[in-house]
Amino acid sequence: MMKFTKRNFFFLVGGIIIYVVDIGVDFWVASKYFCQGQYSWSILILCFRGLSSLVTQIFSYEWFKNDSEGTDTRKLKWIFLVHLFHCGIFIRYWFALKYGCQAAFKLKRHGDASETDPSNFIKKQAIDAVTDINMLRVFKAFLETTPQLFVQIYILFQHGKTSCYQYAAIFMSFCGISFSMVDYQISLQKSLPDKGEFPVSSKFMYLFYKLLTITSWVLNISLITLRSVRISVILLIFLWICAFTWTLKQCTTFCKSKKMEYLYRTVVGIILIFTFFNIKERRTKVCISIYYATHTVVTLGILFGHMFWKPSIIKEIHFTIVIILTIIGIIFLVVYYRHFHPSTYWTPQACLDEVDGVAGQKDGLKTGRFQNFLM
């Protein structure tokens, strides 16, 4: 039976607060750089914010349009206008709060286990609404938060001078990545009827595995950028081309239109630069092993390259931090997949990593948008 508890509701409220605070911090940091005459950093931060907002609004409206087929067109026009002013996420939070409040506080605990039961229908609406929000937050995390974290760390390494607004930006970036990864994984498990509860221990291991591997990789890219901006840009473009080509070969069917599908594959290509992202119905042991083995080799190559070009860098604190985070991240990665991955406590069929395409039908009932999606 689907569950949407009071704790889930309060986490949802916390997510709204963090989202609003994150917007404020972005504009605060951008204004500080602008006032200091560092216009390029200010523009770059605003560009990341604008790009991620544009992409999330496009996907959000497309999902509203798909869900509203055959309904009032005037309502859809109003929703389009709200998304045009980049406020679509607040509509989604409104629906999530509406259904979440009913599911957590107003519904009786007993009821029929079928999806046709009114109480379970409300719970499903709440879970689907939260899952949509968390998917959009994953897009935002890698289109805006992670690049901003990279920029702030690069500035920190380059100048060695820090201020409160830089620390605030880095802290919010870490929070944004952490919450988006864990919240999405939790809401995903709730949206899949054949999955069990995601244990607290697995949540923490998943959080640290993702956070440390992403952070160590961002730090490594920052080290390359310190040496040569051109090499860093070429490397990122090359990695995106490889990732995008891989998504094309997978022939994904996540979106209903070809244009949206290519946009989705483009975004997935960006995500794959920083972390593994499953987009096909298969076990991911081989794919994820190849992915992180490649990341490890490239990371070691970057570190040894810096030691060769500038031996004195070994004594610098940020070089030591990169090595420590890289090692700890790999340890958490191995421990998670050996002892905390769903395959260790779910049945073989239930733990199969499924496809991220448009969900199919099960027992004559329409499934949710991300029913067949696993990261």
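A Cβ is built for glycine as well, from the same backbone N, Cα and C atoms used for every other residue.
Summarising the annotation, TrEMBL assigns transmembrane segment to 9-29 (among others).
Long-range Cβ contacts of the transmembrane segment (76-95) within its own chain (Cβ-Cβ under 8 Å, at least 6 residues beyond either end) map to 12, 15-16, 19, 53-54, 56-57, 60-61, 64-65, 68, 125, 129, 132-133, 136. Here TrEMBL flags 76-95 (among others) as transmembrane segment.
The transmembrane segment feature in TrEMBL is assigned to 164-186 (among others).
Residues or ranges marked as transmembrane segment by TrEMBL: 206-226 (among others). With a cut-off of 8 Å between Cβ atoms, the residues of this chain six or more beyond the transmembrane segment (206-226) that come close are 146, 149-150, 153-154, 157-158, 174, 177-178, 181-182, 185, 232, 235-236, 274-275, 292, 295, 298-299, 302-303, 306, 318-319, 321-322, 325-326, 328-330, 332-333, 335-336, 340.
The transmembrane segment annotation in TrEMBL covers 233-250 (among others).
Long-range contacts of the transmembrane segment (262-279) within the same chain, counting only residues at least 6 positions beyond its ends with a Cβ under 8 Å from a Cβ of the stretch, are 55, 58-59, 138-139, 142-143, 146, 210, 213-214, 217-218, 236, 239-241, 243-244, 246-248, 250, 252, 254-255, 287-288, 291-292, 353, 355-356, 374-375. For 262-279 (among others), the entry in TrEMBL reads transmembrane segment.
Annotation source TrEMBL lists transmembrane segment at 286-305 (among others). Proximity of distant same-chain residues to the transmembrane segment (286-305), defined by a Cβ-Cβ separation under 8 Å and at least 6 residues beyond the stretch ends, is recorded for 213, 216-217, 220, 223-224, 272, 276, 278, 319, 322-323, 326, 330, 333, 337.
Within the chain carrying the transmembrane segment (317-337), a Cβ under 8 angstroms from the stretch's Cβ atoms is held by residues 156-157, 202, 205-206, 208-209, 212-213, 215-216, 219-220, 223, 285, 288, 292, 296, 299, 303, 306, all 6 or more beyond its ends. Feature annotation from TrEMBL assigns transmembrane segment to 317-337 (among others).
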